[in-house]
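TrEMBL lists Cys143-Cys160 with the feature disulfide bond. If you look up TrEMBL, you'll see 12-34, 54-75, 82-105, 194-220 marked as transmembrane segment.
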Amino acid sequence: MGWCEFLVKWLLYFFNLLAVIVGILLIILGSLVLDGMGDLKSDSNIDYTNVVPIIVIVLGAVIFIVSFFGCCGALREINWCILLYSLFMFILMCLQIALVVWSFVEKTDFLNSMNNIVHNAFENRNDDADNPMNILQITFSCCGYNNYTDYTSTVPPSCCGFVETDAPCPAVIYDTKPGCQSVFYNFWDDNLGYVRIGGIVVVVIEFLALISGCGLAGCVRKAERRNMA
C-alpha cells in the first residue's frame, strides 16, 4: 500500500467515524424533539409539527448506515464500493444542504405557523382532556395564549398540570406560568437553531468524507493500473 492510499484510507475512515457519531446525535436530537412534543404528536390537527424531527431522525439514520458501510468500505478498498459510497454521500450532502437552507429561508413562516397552531387551539378549546389546548398547557407547563388572564371565567385544570377536567386549579400555581404562544414559539425556535448548527457540521463532515472517498478511489485505481502494467 502506497502512502497515498494509506493516508486517504484512514482519513476516509476517520471522517466516516465522525459521521456515524453525528448520525447517532441527529437521531437523539430528533427523538428528544418528538418526546418534547408529548401527547401533541398524536393529535391529528397539529401532527405536521412532527415533520421536522422525523426528517432529522430519518436523515440521521441514513447518515449512520451510509457512514458505517463507508468505514467498512474504506478498510476493504473495493473501488466500485467506494465510488458507490461517494455517490450516496453526495446525495446525502445535497439533502442536508437543502434542510439547512430551508431552516434559514422558511424559519419565519414556520414559526408563524406554530403561533397559528396555538391560536387555533385556544380558539377551539373545550373541557375535553384530549383537547389540543389542554394538551399544550400540560405538555409545556403554560397557561392561556398570552397568560392566564386570557380565561375570562374559570382557569382550566390543565393550567395547573392536571389531566382531570374537574380538578381545582389554585391561582398560586397558574398565575406565574407563561402563555403557550411564547413557550411553543421558543421551543421550535431553539430546536430549529440546533437543527441548523447540526446540519452545517454534518455538511462539512460529509464534504470531507466525499473528498476522501473520491481520493481513495483514485489511489486504488492508480494502484490497479500499476499492478496491471
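Quick reminder: no glycine exception, Cβ is built from N, Cα and C everywhere.
Since this is a predicted model, take the numbers as computed values, not measurements.
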List of residues, in chain order, with Cβ under 8 A from that of Cys143 (disulfide bond) and at least 6 apart: Gln137, Tyr151, Val155, Cys159, Tyr174, Lys177, Pro178, Gly179, Cys180
For the transmembrane segment (12-34), sequence-distant contacts whose Cβ falls under 8 Å of one of its Cβ atoms, 6 or more beyond its ends: 41, 50, 52-57, 59-68, 70-71, 74-75, 82, 191, 194-195, 198, 201-202, 205-206, 208-209, 212-213, 215-216
Cβ neighbour count within 10 Å of Cys160 (disulfide bond): 20
